[in-house]
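Peer 1: For A:1-24, A:51-72, A:257-306, the entry in TrEMBL reads region 'Disordered'. The compositional bias 'Basic and acidic residues' annotation in TrEMBL covers A:51-60, A:279-289. Summarising the annotation, TrEMBL assigns compositional bias 'Polar residues' to A:61-71. Residues or ranges marked as domain 'TFIID subunit TAF5 NTD2' by TrEMBL: A:81-208. Annotation source TrEMBL lists compositional bias 'Acidic residues' at A:258-267. As annotated by TrEMBL, repeat 'WD' applies to A:411-444, A:453-484, A:495-536, A:537-578, A:579-613.
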């Protein structure tokens with residue numbers, strides 16, 4: 001360490017001699033210009049390379065960015081980066097924020113964290129390790145508590161060598177930190193920067209930050225806190241400008257089943273019609289021509305088979321018997337406890353019709369249980385199948401081998417913990433994702449592995465089937481989400497953009513969009529058709545472990561490590577609700593079938609019920625995108641909380657009749 | 001880097017020391033590592049380790065666990081393209097041993113040499129149980145049913161809080177229920193009077209709870225043994241019993257009072273088993289009802305007579321069982337403030353010292369004391385050996401011997417020898433001499449000598465006697481019904497002396513932790529017609545316990561309790577002062 005400090009000291013002295021007067025804005029300006037002139041002769045070629053220097057009247061340290069690739073540029077960069085200056089500048093900025101008017105204070109304070117991070121990184125990058133650490137210790141305590149995780153990660157980076165290959169670093173250096181600010185606040189900031197002429201600071205703010213200026217009232221600290229927390233700041237407003245066709249497919253279920261029933265099975269004709277009438281009576285508002293709905297052919301969807309239609313018919317029948325859940329009429333919860341799992345259970349999933357429960361374990365096994373008296377059966381062998389008369393009505397029933405009936409089946413094939421399973425709509429397939437980087441497709445007729453999808457190179461955290469079948473999507477540690485089709489061994493789309501692990505993934509009810517939640521604390525919505533990101537939703541303060549679309553497709557609920565559920569309006573990408581109350585990581589969300597109630601469960605061994613219809617009702621009018629979210633986020637929507645004995649809740653699921661199912665492994669301490 | 005390392009807060013900036021780098025380098029055969037190099041290594045290794053741990057935490061979160069496991073670290077290595085460590089298992093506790101020498105301190109994990117032969121030939125570890133799925137109702141229309149699968153509706157802590165300050169419960173109830181108009185009016189009235197009134201905590205039972213109470217009490221004292229064991233299991237495991245606890249407590253207490261008088265051994269045994277079940281239920285805050293339960297249990301330990309035919313019936317087993325219950329009570333609930341153990345010991349030794357008390361009571365007292373541990377035996381039983389021996393001798397070998405006395409004498413004799421010998425063995429130094437024993441312990445000296453010498457020869461491990469299991473053979477339970485009152489009471493009702501002792505035991509020492517203030521307790525058990533059982537209690541205090549059984553008056557003299565249950569328990573005539581003689585006012 002002696003070597004280091006002696007190295008840094010002369011530089012410090014140098015810096016002091018050149019920049020000692022630089023606190024005075026005019027002199028600084030002059031000196032920097034002079035330096036640039038002087039250096040031009042020596043590093044003329046370099047500066048040509050750095051062609052993107054802007055000819056503003058204030059000099060910029062463009063080198064830092066290019067230097068990450070060009071090490072020769074380091075020398076020039078070093079001479080300017082006097083470590084003591086960083087501290088002064090940061091303190092100066094802090095004082096400015098503190099002394100500014102209360103109205104602007106909140107927005108201006110948002111600058112402090114990114115500036116702090118960038119200054120620290122520059123210090124470290126330029127080898128001022130000691131100065132960097134002192135800087136870190138001095139100011140890291142003042143940062144917002146929700147950046148704690150990143151700060152811990154940042155503190156591990158104490159040498160230039162560490163910066164390479166560090167995920168957090170990459171995201172800080174490659175993407176700009178977004179700060180949303182009202183025009184008034186921005187004017188304040190501009191004035192301050194012009195007065196002070198602190199090259200360092202100006203460089204950071206101009207090059208590393210993106211200040212998204214809007215016309216309107218400055219937001220309060222509280223309002224800012226609600227939407228900040230993302231690894232790269234808030235979402236730019238342009239990012240959420242594009243239109244999202246969040247409506248459901250044009251009554252796809254009913255229309256298709258109706259039409260097809262008319263064409264195909266005549267005997268079912270009157271049945272669905274009746275259903276349709278009753279269906280309209282239900283609270284599900286299904287206008288005939290929803291302007292927000294994508295056309296049914298926007299992405300190719302598989303045609304419904306006869307069995308699917310029967311299933312749909314059953315679903316409608318069941319839906320008619322649905323109970324309405326209100327504050328007075330609370331739901332019943334049936335809890336499926338996994339016993340003797342020894343902290344091995346990594347995921348639990350219940351099929352849409354609530355008849356099958358699948359669980360993934362850390363010993364690479366998947367177990368599938370039947371929750372109904374109908375046992376799970378295997379299909380007969382080929383020879384036996386040949387002998388079946390194919391024209392019989394109950395041919396499907398005859399295909400199954402009763403001798404193989406059992407309460408549960410085990411699927412072996414993965415070589416690492418199974419982090420997620422998902423059942424297809426027709427209950428014929430199951431996809432699973434594992435630590436071994438593969439996604440596997442299993443047949444629930446033969447109970448065997450059909451396809452192994454290799455594409456992700458790191459653990460695959462989550463996988464989900466499209467509500468229309470055929471497609472499924474996976475989310476991985478490699479920071480991508482991928483869209484697959486069961487008949488392609490390669491992904492159809494790769495959704496890249498998240499700055500950290502993609503922890504959770506969910507299909508929109510209309511299958512045209514995919515939502516992903518990530519460790520970079522943002523939720524993104526991707527268009528399946530174009531593969532582009534159409535929404536970036538910031539506000540979470542921790543990794544996002546579960547996502548769920550409301551049944552009408554307009555809202556999205558997300559939750560995770562930060563123990564908070566956030567509700568988003570996809571129409572304009574605004575935050576509409578914040579549900580606090582859990583005391584552990586939330587691993588499961590589920591909307592009731594009518595969308596009025598949200599159930600959540602997590603590591604705090606608790607199932608909670610939230611009256612989200614209240615939130616949505618207050619949001620019916622389309623909000624103005626330019627006006628920041630101004631929702632009363634402190635209102636308490638919780639109306640039920642049910643503790644289990646010692647069972648984390650890994651899965652919640654509403655049956656078609658709105659009975660709540662929940663499941664988890666019993667883990668006594 | 002040493003200076004800033006000191007400044008850094010330990011949480012975020014801990015770093016491996018360069019000494020450990022050197023130690024690790026040596027362990028892999030690199031000696032003479034330069035200071036500079038080890039410093040750099042330490043920093044870099046720290047960084048890599050932290051990165052690995054950050055990755056591992058992600059794996060833990062996705063594994064839905066709260067604890068980081070070695071598998072997470074392995075997989076984190078895998079993600080980072082580092083070869084994982086092989087052969088690490090996951091014991092809960094990794095013992096690090098400390099060694100120092102040559103001016104260095106090292107912590108290391110001891111690796112034992114294993115004999116492969118042993119591993120191959122050794123028994124295979126148990127196959128872990130198969131994962132299974134079990135469904136239960138977490139909640140039914142918003143109400144969480146009180147079943148063992150769910151957490152107790154009112155936690156033990158809350159029960160305790162309520163028992164200390166009943167107003168908490170009252171306020172909790174009030175929060176849930178809107179106040180009836182009458183109550184508001186009363187409250188206003190109260191305010192006018194300016195008299196500070198204690199709030200009444202009402203214990204209302206729902207219809208289901210009443211049904212449950214009825215079923216359980218019926219099953220517990222009924223004839224069907226399978227139903228009884230079911231009921232007892234329910235009492236021992238169900239989480240939602242605290243509302244009914246006052247009733248169960250009263251049921252047991254009253255039941256013992258009645259059946260001691262009736263000499264109904266079977267029912268007494270059933271009631272003791274109920275006490276046992278209640279004590280086994282971890283969800284109950286039993287402290288509040290000890291003032292009722294302890295006297296009842298003690299009665300079964302030391303009562304003069306517990307059965308119809310003392311010469312034939314095995315009331316000894318009941319006494320032993322109750323003695324164990326008392327010992328369990330002491331173990332679970334005795335604190336320095338309530339002094340339960342002291343008071344129980346005092347009461348039992350008083351019985352033992354009472355020359356006039358029958359032998360059966362002495363037997364009970366001896367069992368009870370012996371259950372409290374060897375120290376108690378040493379202090380209270382051994383000094384009495386000689387006197388006790390003399391008494392047994394006079395009663396069993398005298399001219400006028402009746403069979404009851406003889407059997408009692410034999411039981412005490414064997415009990416004393418069994419219980420005292422192990423203690424004597426430890427406090428007396430060998431060699432033992434018959435003469436000394438006879439000198440010190442009189443009549444029993446010879447037997448004790450034999451037993452102690454026998455014990456000395458046995459290896460130490462087998463000397464601990466196996467406890468008798470609680471299998472009680474008993475006669476068919478008789479249901480005492482009101483109509484059989486006359487026939488079932490041919491004997492003169494014996495006054496259970498023990499009630500005096502037990503009540504005096506409580507009277508002597510006021511102020512158990514569960515007794516805020518001193519007032520009276522009324523248990524009002526209404527007639528079967530009314531649907532709710534309401535016990536209004538000013539506050540629970542054992543110091544001055546008044547049990548008034550309010551019933552219908554048409555059955556003159558005979559007092560029935562708990563009329564919501566079938567009337568199989570009958571209070572004897574009210575002239576029986578033994579039951580109520582602890583009225584203090």
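A Cβ is built for glycine as well, from the same backbone N, Cα and C atoms used for every other residue.
Context for these features, please: burial, neighbours, distances.
Peer 2: When DSSP labels each residue, the repeat 'WD' (A:411-444) comes out as 0 helix, 20 strand, 14 coil, counted as helix, strand and coil in that order.
Long-range contacts of the repeat 'WD' (A:453-484) within its own chain (CB-CB distance under 8 A, at least 6 residues past either end) are made by residues 167, 301-302, 308, 352, 416, 419-426, 429, 431-441, 490-496, 498-507, 509, 511, 514, 516, 518, 526, 528, 531.
Taking DSSP states H, G and I as helix and E and B as strand, the repeat 'WD' (A:495-536) has 0 helix, 24 strand, 18 coil.
According to DSSP, the secondary structure content of the repeat 'WD' (A:537-578) in residues is 0 helix, 25 strand, 17 coil.
Using a Cβ-Cβ cut-off under 8 Å and counting only residues 6 or more beyond its ends in the same chain, the repeat 'WD' (A:579-613) has close neighbours at 282-284, 319, 322, 324-327, 330-331, 333, 335, 542, 545-552, 555, 557-561, 563-567, 636-658, 660, 662, 664.
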Peer 1: Would you mind giving the whole-number mean pLDDT across the repeat 'WD' (A:411-444)?
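Peer 2: Averaging the confidence scores along the repeat 'WD' (A:411-444) gives 93.
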Peer 1: Under an 8 Å Cβ to Cβ limit, what residues of the same chain, 6 or more beyond the ends of the repeat 'WD' (A:537-578), are close to it?
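Peer 2: That would be 146, 149, 226-230, 233-235, 239-240, 244, 246-248, 284-285, 292, 500-501, 503-510, 515-519, 521-525, 584-591, 593-595, 598, 600, 602, 604, 610, 612, 615-616, 618-619, 622-623, 625, 629, 631, 633, 637.
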Peer 1: Under the DSSP assignment, what numbers of helix, strand and coil residues are found in the domain 'TFIID subunit TAF5 NTD2' (A:81-208)?
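Peer 2: Helix, strand, coil within the domain 'TFIID subunit TAF5 NTD2' (A:81-208): 98 helix, 6 strand, 24 coil.
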Peer 1: Short question: which residues 6 or more past the ends of the repeat 'WD' (A:411-444) have a Cβ under 8 Å from it?
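Peer 2: Distant contacts of the repeat 'WD' (A:411-444): 305, 307-308, 311, 346-347, 349, 351-353, 355-356, 358-368, 376, 450-465, 467-469, 472, 474, 476, 484, 486.
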